[in-house]
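Peer 1: Below, the features straight out of TrEMBL:
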type: ACT_SITE; residues: GLU139; note: active site, proton acceptor
type: BINDING; residues: GLY51, ASN52, ILE53, ALA54, VAL55, GLY56, LYS57, SER58, THR59, ARG200, LEU201, TRP202, ARG203, ARG204; note: ATP binding site
type: BINDING; residues: GLU76, TYR102, GLN113, ARG140, ASP145, GLU209; note: substrate binding site
type: DOMAIN; residues: 48-273; note: domain 'Deoxynucleoside kinase'
Amino acid sequence: MTSCGAAGARARAPPVLSRVIGTSSAGGRDVRGGSGGMGRCGAALRLALEGNIAVGKSTFLRLLGRAFPEWRLVAEPVAQWQKVAAGAEEAPGSGNLLQRLYQEPSRWSFTFQTFSCLGRLKAQLERPAGPAAPVRVFERSVYSDRYVFAKNLFETGHLDMLEWAIYQEWHSFLLQELGDRATLHGFLYLRATPQRCLERLWRRARVEERGVQLLYLQQLHTQHEHWLLERSTKVHFADMRNMPILVLDVDGDFEQDAAMQDILMAQVESFVKSLQNKPVPPHPDPC
Ligand SMILES: Nc1ncnc2c1ncn2[C@@H]1O[C@H](COP(=O)(O)OP(=O)(O)OP(=O)(O)O)[C@@H](O)[C@H]1O
Ligand SMILES: Nc1nc(=O)c2ncn([C@H]3C[C@H](O)[C@@H](CO)O3)c2[nH]1
C-alpha cells in the first residue's frame, strides 16, 4: 500500500483525468500546480465528497485519512440507517431504514430523506472537541441529499408532490437560517460509469442493496452530472452556484495502485491549497 507521498507523486506521475470547476484561482487549469500559504486565516475548510453509490467514496476517504492525518473525515452514517434506535426494539430488522427504503421506496423515501438530511446537517454543524482540523471532509452532504437523491425520488414518483414540496421547504428554510454555519467551501466529485459502480456494488454485496438495478445508478449518475458537471440543476443557495468542484475520474481500479493513489491525493492537496489561498469570503468563519 502506498505511503501517499502526495508531493513526491506530483513530480513523476502522468496526469489523471481531473478538472476543477468554478474557482477563479484554479479554474480550468491543471490542478497539480500547488500553492503556498493560507488565505483563510486558519479557518477550517469544509468539503463534501460526492459520487454515485459504490463509486468508492469510503475507500477514497480512507486514502485521504492516510495522506492527510490531520484532516477530519466524516463517513456517511450507514450503520445508523441500518439500525434506527426507535425501531430497534421491535421485531428484528424493523429499525433498518435503509432496507425499508429499498423494499418500499414510495412508503419510506420521505422518512429516509428527512432522517438522512438531519444526520448530515448535524455532522456539518458539529464542533468536535480538541484541536481544530484544518480541513473537514464529509461523505455526501445536505446538498446531494436534495439535489441528487430526493430530486431523483421525486422525478421517479417515489416522493409525491406534497412530500417533495415539504422537504424542499424545510431544507431551504434551515440552510438559509443557518447561513455560514452550514456552508461548504468545495466539492470533490468522484466520477465513474454507472456500470463500474454496479460492479463495485456487487463486489461489496451490502444486503439491503441486493435489488439495486443499473437503471437506478444511471439515474443517480445523471443527477450528479447535471448538478456538479453541467451545473444545470436549479439550486437555491447563492453560494452553491459557483462552488469550486474537483472532478476526479475514478473509473480505473486504484485500490492496489499506489502511484495512482498518490496522483489522486496530490490533486486533492492542490485543490485544497487553491481554496485556502482564495480571498476570505464576505462572512468568514470566526478564527
Ligand atoms: N477504484 C476502485 N477500484 C476498484 N474497486 C474499488 C475502487 N474503489 C472502491 N472499490 C471497491 O468498490 C466497493 C465499493 O466501494 P466503497 O464502499 O468505497 O463505495 P462508496 O462510494 O463509499 O459506497 P456508498 O455510496 O454505498 O457509500 C468496495 O468493495 C471497494 O473495495
Ligand atoms: N434515497 C437515498 N437518499 C440519500 O440521501 C442517500 N444517501 C445514501 N443513500 C444510500 C445509497 C447506498 O445504498 C447507501 C450508502 O450510501 O445509502 C441514500 N439513499
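From the backbone N, Cα and C atoms, a Cβ is placed for every residue, glycine too.
Just so you know, TrEMBL annotations are computer predictions that nobody has curated.
On this model, are these features tucked inside or out on the surface, and what's nearby?
Peer 2: Taking all protein chains in view, 21 other C-beta atoms sit within 10 angstroms of the C-beta of GLU139 (active site, proton acceptor).
A strand conformation is recorded for GLY51 (ATP binding site) in the three-state DSSP classification. Long-range Cβ neighbours of GLY51 (ATP binding site) (same chain, at least 6 residues apart, Cβ-Cβ under 8 Å): LYS57, TYR189, LEU190, ARG191, ALA192, HIS224, VAL250.
Secondary structure at ARG140 (substrate binding site), as computed by DSSP, is coil.
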Peer 1: Please go through the binding-site residues GLY51, VAL55, GLU76, TYR102, ASP145, GLU209 one by one and keep those whose C-beta falls under 6 A from any atom of ligand 2; give the result in sequence order.
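Peer 2: Checked binding-site residues vs ligand 2; flagged GLU76, ASP145, GLU209.
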Peer 1: Average the pLDDT scores across the domain 'Deoxynucleoside kinase' (48-273) and report the rounded value.
Peer 2: 95
Peer 1: Ranking the binding-site residues THR59, GLN113 by other Cβ atoms within 10 Å, which is at the bottom?
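Peer 2: Sparsest of the binding-site residues THR59, GLN113 by Cβ contacts within 10 Å: THR59.
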Peer 1: Just counting, how many other CB atoms are there within 10 A of the CB of ARG203 (ATP binding site)?
Peer 2: 8
